[in-house]
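These notes concern the structure reproduced below.
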């Protein structure tokens, strides 16, 4: 190998170029030897993956277990809300105040809720009989352990000009039944049974009361409807598999019965499937628990695995037919596996970041762990199992066996005596080949379309301005969408769309969005409540809220009773001896913690209850209230925490915007580092990073415009978009920068002809496989479909429209290749002239 130094080129540049070439040649040599090893021992490489799949697949069936804790999955593992809940639980244990409505503020516990909605134009207050019948039926349930019944009106219309806010009518009423479980396992099972019976009772009462609409919700409803997505999607995933199998089989077929490879397309998809089954077995053997977010793994793994399958098929078509089939397999590995190894490494590293302890969302962590195992097994199965299938198919082709019927192809003389249909079925394509064509694989319908039609059209000078305009439109919409990203994520986005939980949430959002959930305000340090400045600070903190406060009630009591309590002893004495002994104030005993030091009593902690006035976007305003109150607990003299069980999930929403951006940025940096030593021309790195960034931002912006919220599914899809873009753009760009044609246009034509078939086959199979997800009635699958559709669409747009045009405008330049070729041609012409002068008879012979 010889490296010529260009005039003016620094020595360091030459050494870096030499190093990159040596590393690339080394990797190609390793892959070539790997291909030879597989081609010489195909039975071994076919048997080992099959045995692994059978072993781990059976284990997956035996150890399958669904995840039962939804909070553990979708709420941040380490959040301030969980710390606040622990502190609240330690101050005010559950079993000391179960008779009160707000005693369950630091844990949702077991409960049943029902919303009774009147028809449009009716007043729910006039249907008291139906409400009372429903209430009595719930209270009479077997094993009912209700602790308190909370009620709330929704869709309220007040009497005009009413000073005391008198209610004129209401559309809905919400009743909550809290259960007493005390954390006991036995009582928890009884509570679960009661909740099931409660939901059945509500459905039964709905049939009896046709004039009312009843919507029920229990503590287990969210988990049930989250897991329901997997049940609904089972048949649709099988349909997706059939569609991908059909597409892969048809796209791998040719009229040439010798070189057609329909079974290889079929076996390639099955190879990815058995690798996914093996990964699932390993996941369950290591005590993993299934959840509905893992539904995306088959689609993620299929998108990467089939890319390797179709690239190996394209690499096989580029090999020389006169070589032995073992050498052809080795050449295909040398040509394809370097890039496929790099992209698989990026998949593993990127999802490995998501599986690291730094990831704060358990659902994302579990998904990424499973995805890493799937990628490793996917890579192993592609070069072993599918490589063995390629060896057997190559042997059949070399021995001139039919690619479908596996019988000997008859001679041309024999075919001439047979009917036309027999000639069509058994023809090996030589009859259709032109005299000047040396590669019969050019007859593949996708390659023919790209070579004869598409390549000329996309590089036409009159098409390029429209492509530039198209990209400007694409960039504008993407940028506009990125500016509108907001943390509107909702746990409802992970549930089945036709589930009772979603119906309940929609009605609650419509009619009960005027007020926030009850927020617990916990003062966890001793405080001088009798001090006027402290009283003023408390009033200032509670201003703007509707408060249920023992402090306000006590101050009002002192004022009405004309009692002075300006010091500690009087304040606590009157509180204990008079205020808390009155029947109407006895429930405040559970909200104050006293301690006694000698003869002196102290208040070491207490709690209040706050409710904020909200608009229709209730969730966003509650998050704003939480973000405003938390900093005040550090800046004010009063040390307090605020908590509601929903805060555990709301902490996730602030992180959901930053996590995908950080992962995408770090992933792009990884691309730069990993590809620097594998690409001869540094501009290949630059173009790859630009392309991936454009696709990633495009998917993010268009996803926002399509009303896709930032939840754990969309975060995972954004991580996958980064890798999917690299998977398809990298081979195209690397081939372009290494091409030695005279012009950029010829180089991009060569790149499309070499990799366009595999890209089009893979993206088409990927997008067709997504179609059945549309028919799964689940918000989770809708999000998955939208994100993956945008991923495939944007990648296809860049590979076949944007890059082929933009690469003809910008560097790398191909002039030095043109000069080298001219010099070689001139040298060759001079040698020919010398030979002609020495042997003039040779000219006469020619």
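Placement of Cβ uses the backbone N, Cα and C atoms for every residue, glycine included.
Given the ranges 713-737, 813-837, the record in TrEMBL names 713-737 as transmembrane segment. Annotated range for transmembrane segment in TrEMBL, selecting from 438-460, 461-483, 484-506: 461-483. Two recorded stretches are said to be in contact when at least 3 C-beta pairs lie under 8 angstroms, sequence spacing 6 or more; the transmembrane segment (231-251) and the transmembrane segment (461-483) fall short of this definition.
Contact between the transmembrane segment (687-707) and the transmembrane segment (788-810) is present: at least three CB pairs lie under 8 Å, with pairs separated by 6 or more positions in sequence. In this chain, the transmembrane segment (263-285) touches the transmembrane segment (371-393); three or more CB pairs sit within less than 8 A of each other, excluding pairs fewer than 6 residues apart. Listed by sequence, the residues of this chain that lie at least six past the ends of the transmembrane segment (336-359) yet keep a Cβ under 8 A from its Cβ atoms are 24, 27-28, 31, 34-35, 304, 307-308, 311-312, 314-315, 365, 367-369, 371-372, 375-376, 378-379, 382-383, 659, 663, 666-667, 670-671, 674-675, 678, 716, 719, 722-723, 726-727, 730-731, 734.
Here the transmembrane segment (788-810) has Cβ contacts under 8 Å with residues 296, 299, 303, 454, 458-459, 463-464, 467-468, 470-471, 474, 687, 691, 694-695, 698-699, 702-703, 706, 717, 720-721, 724-725, 728-729, 732-733, 736, 744-745, 747-748, 752, 756, 759-760, 763, 766-767, 770 of the same chain, all six or more residues outside its ends.
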